[in-house]
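What follows is a single structure, written as structure tokens, with notes after it.
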Amino acid sequence: MEMKSPPQCPSTVTVRRNPHRKARATPATTATQIPNVPPSSSTTTRDIPSFPIHDILAIEIPQNPKPPEDPSPASPPKAPISEDLKVYLRIRPLLLPKLLGRNATVGDQNPRARAKNAWPQNPAKKNAARDKSAKTKKTDEGCITVNDSHSVTLSPPLALKESKRIKSEVYEGFSHVFSTDSSQGEVYERMVKPLVEDFLRGKSGMLAALGPSGSGKTHTVFGTPREPGMVPLVLQQIFKQSEGSGSKSRSFCISIFEIYSERGKGEKVYDLSAGGTELSMQQSTIKGLQQVAISDAGQAESLIACSMLKRATGMTNANSQSSRSQCIINISSVVNKADEVDNNAVLTIVDLAGAEREKRTGNQGARLLESNFINNTSMVFGLCLRSLLEHQKNPKKPLQKHFQNSLLTKYLRDYLEGKKRMALILTVKEGAEDYLDTSYLLKQASPYMKIKFNNVEESSMMNGNKRHFQAFSRIGQPKRMKLSGLDAHVFEEGQNIVDEHRLPEEEGSTINRLDVGENASIKSDSADLAERERNHQIMENIARTMWNFLKDYKQKLKVAESEINSLREKLRTEETQNLGLRKELEDLKSCCTCSKGNHGETSIVEVCTSSEPKIGLQGYGSSKIDEKDEDLHSSSLKTSYCNTLEKWDSSPIQERDAFSQENVESFSLNMSGFERVEKEQESNSTVSNTEVESINSSCLHVENSNQQNCQIGDIFSGNGHNTEDLNDSKYMAIKDNFSDADIPEFGISYSQSHAMVRSDSCSSVELDQYLTEDEESSVLPASTKEDVAFTQGCSTPDVPESELVLDTSCRELNFEKLNRKPLPTSSISTRDCSALDVEDQINKPLGNRECDFG
Ligand SMILES: Nc1ncnc2c1ncn2[C@@H]1O[C@H](COP(=O)(O)OP(=O)(O)OP(=O)(O)O)[C@@H](O)[C@H]1O
């Protein structure tokens, strides 16, 4: 019959439920940019190894072992991986009450009419009723209009349209829309036959009928003898196809059960097979469910008819024989060949109890409770599908576990989670009074068309209960299913479920499921193991690469740490040395009260000043020195002394002692020699230049001779101590005699005095020689004699150090005079300060100097 599209109603709103989607092209940048990314190592420091991404990427991923070839000759080419959920719509023809008799209602409450719905029923009566309905179809005002084979328009009744301003809605995207005059055969061909073919090829599938009460679900699923429904048609086809292929190795089993809530007290599972009882459910498995082997279609139909008689039904305003339970039929296929592992698929057909509105059904009491259970189950079923849809739209959204809320959804979990393929048929009535039910169903169910099944290509070895295999493969135990003789022993998840039902021997067929189960489990296990091994190898390689990377890094870290430690040690040593040097420098600086230049100048001036009269006193000629010469000598001495000080400051600490000894001594000796030359020149004495030179050279010799230095030191100290000891001892002695304010000046004064003493001692010794040679001792001034005596006395090694101190103290008078100038304290403290007290003695008459030593 050709369907005519209705004229476009201006108030019609088109609702596109399943718009075509175009896959977005993957941006080329994402694919091409990744290889062009420069390695991170190029930018990192050389020492730090880069992340071994290249190593990881270079890991050879082991290939999956080839899947075992399907031995089944009927193996089809692989189906597309992704497949949309197929949703069909069937519109039940309107049955006018007037045509069904006086007492008949839409729900066909007449008991006689109920008998018509019973299956199998009298085909003649059924046909008569159908003819009547077909005649009256066009006269009825319908709410739903078929636009084409994939869309319908739902129009509200006039009353609703005017009062609530409800507009017509178009629902499209259905896999197929079966109009009111579509036959069962047509529905089967379009909707069920593909499922059956897949089932025969080893794919499990499910067909579920949804719709409001009285919309024709049961009619579609089971049909009538005249119009057999999907179940009889499936059975007919599978046997027909098996016989056609001539293969006797394939067997079929059927199980039928219902989930029913009596007075709403809780869901129960009843086996509808002959002799079936109440069953229990564990997770998704129904324990004790009979698997009745069927050998032909007739036997199967009889079995179905018997089962339907046991199904819970009730009379409502919507349906005279309304289903009060959810009925599930499983048709399973088993291959009996021991060497052939194939086709253990299950085809599940579900006849849901129709959603009921209280107003519409008029249910009360027990019926109302049943109605609640029915509606609840329908709602949970819808929630599961909605959750699956949301999850597929946005994988971040977790798949809700709505299936736990009803036994039906628990049992159908694999289907409701998209793991197995299924199809839905929505049944609606076209009457205006059914508008709300129809609208509600279409609104709820039309989005399900977008659900995709990504894992529909099931392995032929998978059983209807996929979870069952997974459980066994997980624990590594072979599946144990046993059916010996006519007894079916089913071991499911370690629990033995014994079928109590025994088929009659003549119609029962032996089903050896043990081999199939074991082979299937072994196959499943091997596939799982191969996959796990592959994953394990990948992870192992990545872990090994990472481990090597971390090991290298750790090694370099260790080296860096040791370097850091050694550097720290060096730094610590340097700091210590630096501190020592600083301390020493500060000590030295603290000893140097004045700046270097001033000190040198002052000291030199003092030295020159002190040496000048001394020379005069020594009587080598004229006591007056030319001022120019004096300046010259002063400046030269000053320069020399300054150089000496500079050397002192700049010389390393370790060398300073020696430096101080040698240079100061040399300085003093030079100075004394210089003085001597100067005096000889001035006084025109008998000392020749040669002698002066010899003196100088002797002095220089002394300067360069450590031994002589020591002697000088000994002479100076008088008790054999070295200069350092003397320094200490003198310092202590001086410290006793002087105030603290004088002490800082001691450092430089010591050197100065040292030089003076040496100069004096040297000159004294030499003078002594000169005196001896020239026999002019008589003309020598007393002071000179004293000096000589003093020098000689000083050179006496037996002179105790205490005497030195005492001797120094005995020059207190001279100190007072020396205080006129800030003379260094050491020059005062030394015992030979008398020799340096030249300024005092300048004014004294020659030869009148009294020697304190007596
Ligand atoms: N396509 C159809 N052609 C003719 N009659 C039909 C069709 N669909 C349903 N009917 C009739 O409508 C009545 C109600 O159908 P059915 O019992 O299958 O509804 P239902 O959806 O199963 O209701 P419930 O959910 O209450 O069980 C039956 O008498 C049946 O024969």
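Backbone N, Cα and C atoms are what each Cβ position is placed from, and that goes for glycine too.
Per TrEMBL, the features are as follows:
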- 1-49: region 'Disordered' (REGION)
- 33-47: compositional bias 'Polar residues' (COMPBIAS)
- 61-81: region 'Disordered' (REGION)
- 64-79: compositional bias 'Pro residues' (COMPBIAS)
- 84-451: domain 'Kinesin motor' (DOMAIN)
- 104-140: region 'Disordered' (REGION)
- 128-140: compositional bias 'Basic and acidic residues' (COMPBIAS)
- Gly211, Pro212, Ser213, Gly214, Ser215, Gly216, Lys217, Thr218: ATP binding site (BINDING)
- 550-584: coiled coil (COILED)
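Within 10 Å of the Cβ of Gly211 (ATP binding site) there are 27 other Cβ atoms, across all protein chains. Note: the ATP site is recorded as Gly211, Pro212, Ser213, Gly214, Ser215, Gly216, Lys217, Thr218; in the same chain, Arg92, Ala209, His219, Ala318, Asn319, Gly354, Thr427, Lys429 also have Cβ atoms within 8 Å of that site's Cβ centroid. Ranking the binding-site residues Pro212, Gly214 by C-beta neighbours within 10 Å puts Gly214 at the top. Summarising model confidence by region, the domain 'Kinesin motor' (84-451) averages a pLDDT of 80.
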